[in-house]
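J.: Look at TrEMBL and you will find 1-27, 41-50 tagged as compositional bias 'Low complexity'. The region 'Disordered' annotation in TrEMBL covers 1-140, 499-519. Positions annotated as compositional bias 'Polar residues' by TrEMBL: 28-40, 51-69, 78-88, 117-128. Positions annotated as transmembrane segment by TrEMBL: 303-321, 333-352, 382-402, 414-433, 472-495, 528-548, 568-587, 624-652. Feature annotation from TrEMBL assigns domain 'STAS' to 686-818.
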Amino acid sequence: MAQPGSNPSGPGRSGSPGHSRSSSTTPAWSQHIPSNPSGLRNSRVVSNSSDNLGALSTSPERMDSNSGPHNDDEDSPRATSADFNSPYSDDEETRVGGSGDSRNRADVRTSLLDAQYNGQSYGSTSRANGAYSPRPQTQRTVSSIDSYTFGFASRFLPESLIRRETIDDPLTQQEMDMTKMLAQRHGITDRRKMYILYYFPFLNWIRQYRWTYVRGDLISAFTMASFYLPMSLSYASNLGHLPPINGLYSFAFNPFIYAMLGTCPQMVVGPEAAGSLLTGQVVRENISNGKHRDDDFTKSTQIAGMITGISGAVILVAGLCRLGFLDSVLSRPFLRGFISAIGIVIFVDQLIPEMGLDKVAHGAVHGSSLDKIMFLFNNYDYAHGLTCAVSFGAFAIVMVCREVKKQLQPRMEWVAYIPDRFLVVVLSAVFAWRFDWHSKGLDILGNIEAEGRPFKAHFPFEPSMLEHATDAFSTGILIALLGFFESSVAAKSLGAAPKRKKQQKKSDDEDEQPDGIEGMVVSPNRELVALGVANIIGGLFMSLPAFGGYGRSKVNASTGGKTPMSSIFLSLITVICILFLLPYFYYIPKGVLSAMISVVAYSLIEEAPHDISFFWRISGYSELLLMLLIFLTTFLWNLRIGIFAGIALSLLRLLRHSTRPRIQILGRVPGSKTFENAESHALRTQGPELEYVENTLIIKIPEPLTFANTGSLKDRLRRIEAHGTSLAHPALPSVRNTDKDKTLILDCHGVTGMDPAAAQVLLEIIEGYTDRGVRIYFCRVMGKRSEVWRLMEVSGIVELVGGEGKFVGSVTEALELMERERGPVGMVGGRGDVEVEEGGGL
């Protein structure tokens, strides 16, 4: 037997180049050991870098001393059966050079691979006295998830850690999960403390808090209080039909609790217009149905507390069940259409108190927005002049200040600190007191003292309140959905890592200081838990539903708030107002509070034209139709019908998209050895059409198979057989003779998962083809340890197609195996050469 380093052209060399002949007493497997050591023993794990991967084929270790770089595709065909337990990726091969008997090359290579992978001395240097140098383990491709050891870990963990923890000791992989292993490698001995710090962010950020943050957090808290405390009074009295103090309760408890549990440092939680409006509609429906009187504020606050508690419970359960991914279920057109409709509804609702028509509008306030507009046109003669002047004047002043601040803020940042809305509210109250506007017919806020002592908790789910549970439950779910979506948008926009602020350095050794809290990563599931707990506690005090708002949080960030301490300061300021400053709210005109809400309604509508023009420009007519339907149902009927219609349409579109199988028919690019998707090739290039293997259908399944997308798989396959594409209408005449199809190759590279229902459908499809005498080959199926292979095996698919030999590693191997079983095949419209390989188009 030739020793390493011997002359490859010496006497000991005979037969095919690159192999040494053995004596009759030498084991059979040693006949195929290369004479020249490959040098791969010293190689490193292949990098993920595209440069390194590209350089792999021309590295010195793969150069032959006689012929230069190996032509892997011509000299080394793939094995005809796949080793499902191999740690190699689908695209990587260990090749054996030489030109021996072509019929035995696959068997020879399979023998070497079996010895290499399954032998007891895999990877050792003692095999054949060091002449045998197997290739070191490399990471798998992204699509190969047979084991996290060769997928996730090899890409993100050090090589020494992978080998020590998962390769050298296989029991470690079974007994220790990844989290525990990483915790030990980082020196974390108390994992309980690690989890506590993660799920209670307050314990994390409070240790990073600096005295330098106090000024910015305190200024932002006062600024938000001046802006949004009057707004909370408006939400409660005008939208929620509740005592104004219940709006303040939302800012007293929810921001504080969110600061303890939330993951977005700059987000501020408080009542929103949509949630307040939905709550008010339930209260008004109960009043109109005679379930309680209009002046029974105790019953109204209990209904509001029930709605808030239900919305919090729904959000909390969703967070505990890890349903944070639901923030991506509803589309942007749905949210834009619904938010714009809410803006119109709020704007129309506030016109009635702004014009002083509250007493006249008792019957009209329970109708749709269209009914209210008709009421305003028919009764504008009864409008109160002073109320109209004060309300519309306050609205105009705030809108002018809003635009002026928007123009000046890029040059003068300090204008953002001017509390224009607070000043308007205060001045209107002063004028109402000084000029006695109340005696002239202007409605004022009046006494807003709490009944009994303030902050009195009350359990809203009493037996006497169960009659309101049905309406409260459906409304609570809707408020929870909308609140979570809006909070998710705000958290994603504000949840980036804090920028590092450069300090004045006295020496080169000083580092930059973080401009805020570090280490807080926005987690949708923890956001759900934080918002749920906050609303459950708020429900005990009969507050309005409170969620994160992007506009409010943006004000917090732009006025100096950097940490959750600004939310705590806001809660403290609100508590002080409730305890000591409520008597000073007596003379605030209700029309001015309605004007503040109208400003919010305008802000909800102003972004709609931009989205409409965008979708019109890109021909997104289905999105525009969805927005229009949601808007019309909300405007012509009510918010609840609009929400249900929008959610139903969005879910139907989602289900339609997810249940459509995306199978592809593959063909060969003329003059090359590449197979590509026939449909995308026709759309992408203007070159010649693809060539197809005669009497053979090659289908790629690029996605996991579930009960949802396998329902129409039969129809799609039948349509591809008849028309060559799944996009053809079934009424068209067939362009292919399906009776001539003798072979079906299924490329399952994208089938990373499968459920039992999908396995049953796939079995029925395979039975239909086998009954027609069609040979079936599977390629690139996941390994034997995967659930996909287990289902194929136990369902009988493996046995039905002819055993494991019909499962190969690539389309190329399937074609070679097919050629050996039924003889040479040709290409329709091209050459008969079947020595093809998969290209990037797959």
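Heads up, the Cβ atoms here are built off N, Cα and C, so glycines get one too.
Describe the structural context of each listed feature in the structure shown, including burial, neighbouring residues and relevant distances.
T.: Long-range neighbours of the transmembrane segment (303-321) within the same chain, counting only residues 6 or more positions beyond its ends whose Cβ lies under 8 Å from a Cβ of the stretch, are 240, 242, 246, 275, 278-279, 282-283, 286, 458, 460-461, 465, 468-469, 472-473, 475-477, 479-480, 483-484, 525-546.
Under 8 Å from some Cβ of the transmembrane segment (414-433) lie the Cβ atoms of residues 219, 223, 226-227, 230-231, 390, 394, 397-398, 401-402, 404-405, 408, 442, 444, 555, 558-559, 584-589, 592-593, 596, 599, all in the same chain and six or more residues away from its ends.
Beyond its flanks by at least six residues, the transmembrane segment (472-495) meets 263-267, 269, 272, 274-275, 278-279, 281-282, 303, 306-315, 318, 326-327, 330, 335, 338, 520-522, 524, 527-528, 531, 545-550, 553-554, 557, 640, 643, 647 of its own chain at Cβ-Cβ distances under 8 Å.
Tertiary proximity for the transmembrane segment (624-652) is limited to same-chain residues at least six positions away from its ends with a CB under 8 Å from its CB atoms, namely 274, 277-278, 281, 329-331, 333-334, 336-338, 340-342, 344-345, 368-370, 474-475, 478, 481-482, 608, 611-612, 615-616.
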J.: Below 8 angstroms Cβ to Cβ, which residues of this chain, lying six or more residues outside the transmembrane segment (568-587), approach it?
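T.: That would be 217-218, 221-222, 224-225, 229, 233, 244-245, 248-249, 251-253, 255-256, 259, 268, 429-430, 432-433, 438, 444-450, 454-455.
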J.: When the domain 'STAS' (686-818) is classified with DSSP, how many of its residues are helical, how many are strand and how many are coil?
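T.: Going through the domain 'STAS' (686-818) residue by residue, I get 55 helix, 22 strand, 56 coil.
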J.: In terms of Cβ proximity under 8 Å, which residues at least six beyond the ends of the transmembrane segment (333-352) contact it?
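T.: Those are 238-239, 273-274, 277, 358, 361, 364-365, 369, 372-373, 375-376, 482, 485, 594-595, 597-598, 600-605, 607-608, 611, 615, 620, 623-624, 626-631, 634-635, 639, 642-643, 646-647, 649-650, in sequence order.
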J.: Who are the chain neighbours of the transmembrane segment (382-402) in space, where the CB to CB distance is under 8 Å and they lie at least 6 residues beyond its ends?
T.: 353-357, 360, 418, 420-421, 424, 428, 437, 440-443, 589, 591-592, 594-596, 598-599, 602
